[in-house]
Amino acid sequence: MKASEIRSTFLKFFESKGHQIVGSSPVVPGDDPTLLFTNAGMNQFKDVFLGFDKRPYSRATTSQKCIRAGGKHNDLDNVGYTARHHTFFEMLGNFSFGDYFKHDAISYAWELLTEHFKLPKDKLWVTVYSEDDEAYEIWNKVVGVPAERIVRIGDNKGARYMSDNFWMMGDTGPCGPCTEIFFDHGEGIPGGPPGSPDEDGDRYIEIWNNVFMQFNRTEDGVMHKLPKPSVDTGMGLERITAVLQHVHSNYEIDLFVALLAAAKAAVESAGGKDVDPESPSLKVIADHIRACSFTIVDGVIPGNEGRGYVLRRIARRAIRHGYKLGARTPFFHKIVAELVAQMGEAYPELRAAQARVTEVLKQEEERFFQTIQHGMEILEHALAGGTKQVDGETAFKLHDTYGFPVDLTADVCRERGVTVDQAGFDAAMEHQRSQARAAGKFKMAAGLAYSGAPTAFHGYEHLVCETSKVVAIYVDGTPVDAAQAGDDAAIVLDHTPFYAESGGQAGDSGELRNGSTRVVVADTFKIQADVFGHHGRIVEGSVKVGDSFVAKVDAELRAKTVRNHSATHLMHKALREVLGAHVQQKGSLVNAERTRFDFAHNAPVSDAQIRQVEAIVNAEILANAAASAQVMALDDAQKSGAMMLFGEKYGETVRVLSIGSSKELCGGTHVKATGDIGLFKVVAESGVAAGIRRIEAITGDNALAYLQSLESTVNGVASALKSAVPEVPARISGLQDQVRALEKELAALKGKLASSQGDSLLAQTVDINGLKVLAVVLEGADAATLRTTMDQLKNKLKTAAIVLAAVDGGKVQLAAGVTADSTAKVKAGELVNFVAQQVGGKGGGKPDMAMAGGTDPSKLAAALASVPGWVGERV
């Protein structure tokens, strides 16, 4: 059966069971701001399950377009290198909204798989939640699946109800157990049954998940039975197609065979020569054309933010892989026609948008091909020196100047065994963003043409102005005489208590009221040095130039902000005391949540130094010293010893704030006395650039809540360790000693196990012209065990070429050894690389001993089987 026939069979089967066939929702969720992209069949029915929406049917079936390439669900890095990862996939599903439940859901699934898809019953395994006896009984007694092929899965993710077989929509809300159906590919494929230590192999593949929503979880963690339980199922079309077409990779199904052929032709038409049809890069391109095309169909275009940036990342990743294969002109857009041929019938919107999709992708390619060659040259230069990590500045330059998303750079580096300095990249990105934010504020303010009188600021003394007259209104940057309910506007008042953002302190929020008119002010900024814009939404009534309002600052948020601002001054002084007079402020952000303070210092601030700073600041708070502000001439301020920011421009008169032992020039709002701060706590310390450190701190009730949370965590740890809080460090130290002892014991046991295996493996040697050849897997071995066992086997076999392998966590470890008398003909380094290349890796070493790694355990058996032939060609 073709993929299109499988999709049709699924939908028609459930239609025959009374289900409404519902079209796929867009990959861009229209009514769920919590989702970047649609990533499951149930997304469009979320409000139905939650009881917020009703449909004219209680049974539904869909084939849903899904994307997993951003946010929590992100498969992008794995695509092209595994058999089943995709950025775009189709999720087949059937749903019951308070209609049928477990019996019918399980029976329908079994009937479709065994009677319509003709899957052998003895090839199907199922899992159930360990406490779901009802599902177990249905599978065993009603359907007839033998007990040995039904696996109970418990809470295997570290907490109650945290299980592969228990589904939750969130921390609260509908949830319930699920049952999963697996297909056994047979003994020739490595891997164990679900629930076993080897379950991550490719032998047993999950093809269908049935979720039974029968509980509502409340905030206290209690499970309450739902009055009308529901069913949500999902089966990946690509996976079931691979099973029905008797192939082990999704990229071998008919749909992808066609797309891979089109991708190969497109790349070769753009300069690629004799492209390997098995190349992972072709798989990347074939996968990404689906994600890009359907995202564009649903209204997204490549950009630098949100979904547009995810689309750009996917498209440019595909283009880079084409470039790797030799393409030097646009090629990616040429594959759209084949995609439409394959999927246009099922998704008419794709066929209708073919020309637009092609043009959007072509334009994106043309844009990237202008810079990709130069960018790759820069990246190649960075990689040429044998570095193990590309620095963040280079990665950011590639991103900012040459359009390389950082994960594209990381993709190239990963192929060379090199990493990217993500922290350095993030710091460079944040620096640019902060500059952009500042520029944005300036542009917004500069774009508002204002020539009236300055704003009189009363916010140092008052939080309310009873009569504030509107002197200007701006909507979308345009001056207007009036604004209506629903408008977002910037309003200039003649008098205001609102502090406008400056000096690192966030602008005030609050409200303007006048009879039936109410404006919620979200932010206050400076249009000019002495003209304040109040940015907010008119929620009731209307506003006209000349109207008078009561202007009221949000007192709670102002109080939190001034606590943080005053604490920043005390912290600055304390840092100079503890670290030295070289400490100078380099930037700050003060709002109601916290203070963030950047300063010059060339080393991390130690925990002990942070404790000193906290002690100094909290001592100032306990002293409850009054704060005072004076306006004076700049010369007088300098003579008074007030601290000034180097490079800052000041007017002839300045405002000097004295608080505790601190004296600084500052135009911000502050507490009346240090005691008003309440409590001061540093919560983070980090480096943001060379010679620049950053401290984040909180005050008042935020600091108290933070400490209470820490106390709760420590008490929880103590409870888990069954010890008193003061004894926790010693208890943890004791457990660490135990772990080290157990690890040592485990290593010894592994050595004994390997030794015993080594004796039994001698019988598997093959004699080739007098050279004994052995290529086997050592169960439970690690790299050290492979080396030890290799030495033992070489001593016993005398004249031999040996390859030992171990699989752990989806990775392959290899060791090759050749006895000294045979290295002239067979070299261990060449031998281990021959095997490693077959399992997606590489390695090296000496002629008599070499190590390697690989990423594809599924090909290990074949790789080991090829060793005797390779050796035979050399002896």
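Using N, Cα and C of the backbone, Cβ positions are placed for all residues, glycine too.
Now, the feature entries from Swiss-Prot:
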BINDING   H565, H569, C666, H670  Zn(2+) binding site
- [ ] Sort H670 (Zn(2+) binding site) into helix, strand or coil using the DSSP assignment.
- [x] coil
Open item on the list: Let me make sure I understand the structure: which of the binding-site residues listed (H565, H569, H670) has the fewest other Cβ atoms within 10 A of its Cβ?
Closed with: H670
TODO: Starting from the Cβ centroid of H565, H569, C666, H670, which together make up the recorded Zn(2+) site, report each further residue of the same chain whose Cβ lies within 8 Å of that point, ordered by sequence.
DONE: Q505, V562, S566, T568, A627, L657, I659, E664, G668, T669
Task: Helix, strand or coil at H569 (Zn(2+) binding site) [DSSP, three-state] - done: helix
- [ ] List the same-chain residues at least 6 positions away in sequence whose Cβ sits under 8 Å from the Cβ of C666 (Zn(2+) binding site), in sequence order, or say none.
- [x] G503, H569, A629, R655, V656, L657
